[in-house]
Amino acid sequence: MPWIQAHLITSKDQAPLIELLFENLGALSTTLVDAEDEPLLEPKPGELPIWQQTRVTGLFEGHIDSDHLRQRINQDLNSDVTRTLELERLEDQEWERAWLDNFHAMPFGQRLWICPQGKRPEQPDAVIVELDPGLAFGTGTHPTTALCLQWLDHTPLEQLELIDFGCGSGILAVAALKLGAKRVYATDHDPQAMQATTANAEKNGVLERLQLCDSQHPPTHPVDLVMANILAGTLIELKDILTRLTRPGGRIILSGILSEQAQMVSDAYADAFSMQPPRQQEEWILLEGRRK
Ligand SMILES: C[S@@+](CC[C@H](N)C(=O)[O-])C[C@H]1O[C@@H](n2cnc3c(N)ncnc32)[C@H](O)[C@@H]1O
């Protein structure tokens, strides 16, 4: 079935009204996104901040008459707002899979490649992770994941036990296992992430060296290497847990940190870890520490 999307760019104050109007006109869903370039990172629990300039999109069934829809929106809103109204027709497709069209094999460091199923690089000594993230975060396209993958690629992992805290698609856990890690414990508070991690470990033949742990009950014994690609505020909140999980002399890798937050995160971990110089990709930082 085809669909119609109505898009309007509006101010922060008007956005909730337009959202409500779209719902009243029969929208099946409404979406609010940034209309400019104003990142809103790490809202507090329960906070739902929106942008100064917000693009509101309503998704309508395709049989709705688009002239009638335009007329109703124009009637209910003043002309300043409706000047930005755009109606777009969308053909139906298998939406969960559509992103795969743009997912290509990607190298990280010297040997490691992340590949969609069936696509392989030419490099003979490549270490290949075949990945389908499903609905979880982690394809390698984001700099925070890329920094972790590059770090794993150049680190000897044989004989090491790791924890992937916030495993998402399982991309880091599976990459570490394919690069030779002895065992990986993976945890995430999102059940879809746990599902995706299991499926990706199975697809890559490393499931028997992976142990999934409920995020309320992470592993109890400290390991050689803890990786957490989450956001700065959460990394600071998790500091005691992540410290306990790293054995003395072991390493911690923290990612998901914006450059201006790096000092704050590094300071939070500095009593328990000797922190190394940060690595940076675009505006994102990876921190490494060795447990004292
Ligand atoms: C940025 S994604 C990283 C995914 C993957 N590890 C990667 O590097 O691409 C962060 C993941 O951490 C999970 N997460 C966030 N806070 C968490 C918490 N307090 N406990 C467990 N998992 C958490 C999220 O559900 C998400 O899957």
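Glycine is no exception: its Cβ is also placed from the backbone N, Cα and C atoms.
Worth saying up front: this structure is predicted, and the values here are computed from it rather than measured.
Quick look at what TrEMBL lists:
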| type | residues | note |
| --- | --- | --- |
| BINDING | Thr145, Gly166, Asp188, Asn229 | S-adenosyl-L-methionine binding site |
Other CB atoms, at most 10 A from the CB of Asn229 (S-adenosyl-L-methionine binding site): 27
Farthest-apart CA atoms of Thr145, Gly166, Asp188, Asn229, residues recorded for S-adenosyl-L-methionine, distance in Å: 15
Where Thr145 (S-adenosyl-L-methionine binding site) falls in three-state DSSP terms: helix
Cβ neighbour count within 10 Å of Gly166 (S-adenosyl-L-methionine binding site): 24
